[in-house]
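Copied from TrEMBL, the annotated features are:
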ACT_SITE  His66  active site, proton acceptor
BINDING   His190  heme b binding site
BINDING   Thr191, Asp244, Asp252  Ca(2+) 2 binding site
DISULFID  Cys35-Cys113  disulfide bond
DISULFID  Cys68-Cys73  disulfide bond
DISULFID  Cys119-Cys325  disulfide bond
DISULFID  Cys197-Cys232  disulfide bond
SIGNAL    1-24  signal peptide
SITE      Arg62  site 'Transition state stabilizer'
Amino acid sequence: MGTASGAVALLLVVLGACVSSSSGQLQVGFYSKSCPSAESTVASVVRGTAAADSTILPALLRLQFHDCFVRGCDASVLIKGGSNNAEVDNNKHQGLRGMDVIENAKAQLESECPGVVSCADVVVLAARDAVAFTGGPSFDVPTGRRDGKVSNVRDADVLPDVRDSAQVLRSKFRASGLDDKDLVLLSSAHTVGTTACFFIQQRLYSFPLPGGGLGSDPSIPDGFLSELKSRCAPGDSNSRVSLDRGSESVFDTSILRNIRNGFAVIASDAALYNDTSTVDVVDSYSGLLSTIFGPYFRQDFADSMVKMGSIGVLTGASGEVRKVCSKFN
């Protein structure tokens, strides 16, 4: 698999103003002197956890997305509130996993380099490693983030929703400094992992029909609809379905071909092929010749991950470096 370090370096130059948010700046190898084992420690914890439960890998990828889209990449999603008023208590975070992996890695880092590595960086490093361990690209990520001091339940209302139209998704991504290409690329992270039936119940059984009334989303092919209904009976919220039909364990462009061919599982993925701005992006990566002539999915995905990891970061003297990720110092 190729390394996207050159593209990452170029991207950081372009995004300089976004990456730098105070007196400091993110940089690849930020901990090379202050905590040389930081990145290898995180990778070791992720690898060990995945050996026992491979489903943790897509969960860690989702965790970074949920952290960065709310107040930026500041580990605010890791804070546990005592009165259901922390960010993580928002229903938009339902089913979020991987926080224990971050805590385990942080505990090891505290024993090696006390008070040095932020929880926000551990989240980003763990997601990067999760991508590589599912067969995705290996790439450098800049570090140097600081942890936020705020975590409010309502802040997570801004997260994209599975029922959002392409226009709403595009608007939410733009608000975070991401474009249509990033929307498609980051959505294609659904190439690995599963979703709970809870997130597709409405699409299968109570979708608003054009002529009035409720039923199944008419855009779902009949055979695929029967397949989904056989796995998610009415009222079943907990059973799980592959997000990438036929390729849930392999990082590849199958998810984009499924979206193009009408086999998207969740509505927000299907919506990407209902808007001219995102249709062209989906098509550009799902063609057989793109691996030869470009655009190059793996490199571009890595670039979008780095870009997402730069949203609203705290650096320098801003924020703090938590001792325990689930609570403020």
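Note: Cβ is positioned from N, Cα and C throughout, glycine not excepted.
Where the annotation comes from TrEMBL, it is an automatic prediction and has not been curated.
Neighbours of His190 (heme b binding site) among the recorded positions Cys35, Arg62, Cys73, Cys197, Asp244, defined as a Cα within 10 Å of its Cα, are Arg62, Asp244.
You'll find the Cα of Cys68 (disulfide bond) roughly 23 Å from the Cα of Asp244 (Ca(2+) 2 binding site). Within 8 A of the CB centroid of the Ca(2+) 2 site residues Thr191, Asp244, Asp252, the other residues of that chain are Ser188, His190, Val192, Ser247, Glu248, Val250, Phe251, Thr253, Ser254, Ile255. Cβ neighbour counts within 10 Å, taken over all protein chains shown, single out Asp244 as the most crowded of the binding-site residues Asp244, Asp252. Around Cys197 (disulfide bond), the same-chain residues six or more apart in sequence whose CB sits under 8 Å from its CB are Arg231, Cys232, Asp236, Ser237, Asn238, Ser239, Arg240, Val241, listed in sequence order. Within its own chain, Cys73 (disulfide bond) has Gln64, Asp67, Ala120, Val123, Val124, Arg145, Met308, Gly309, Ser310, Ile311, Gly312, Val313 as residues 6 or more apart in sequence whose C-beta sits under 8 angstroms from its own.
Fewest Cβ neighbours within 10 Å among the recorded positions His66, His190: that distinction goes to His66. Listed disulfide-bonded residues: Cys35, Cys68, Cys325; maximum Cβ neighbour count within 10 Å falls on Cys68.
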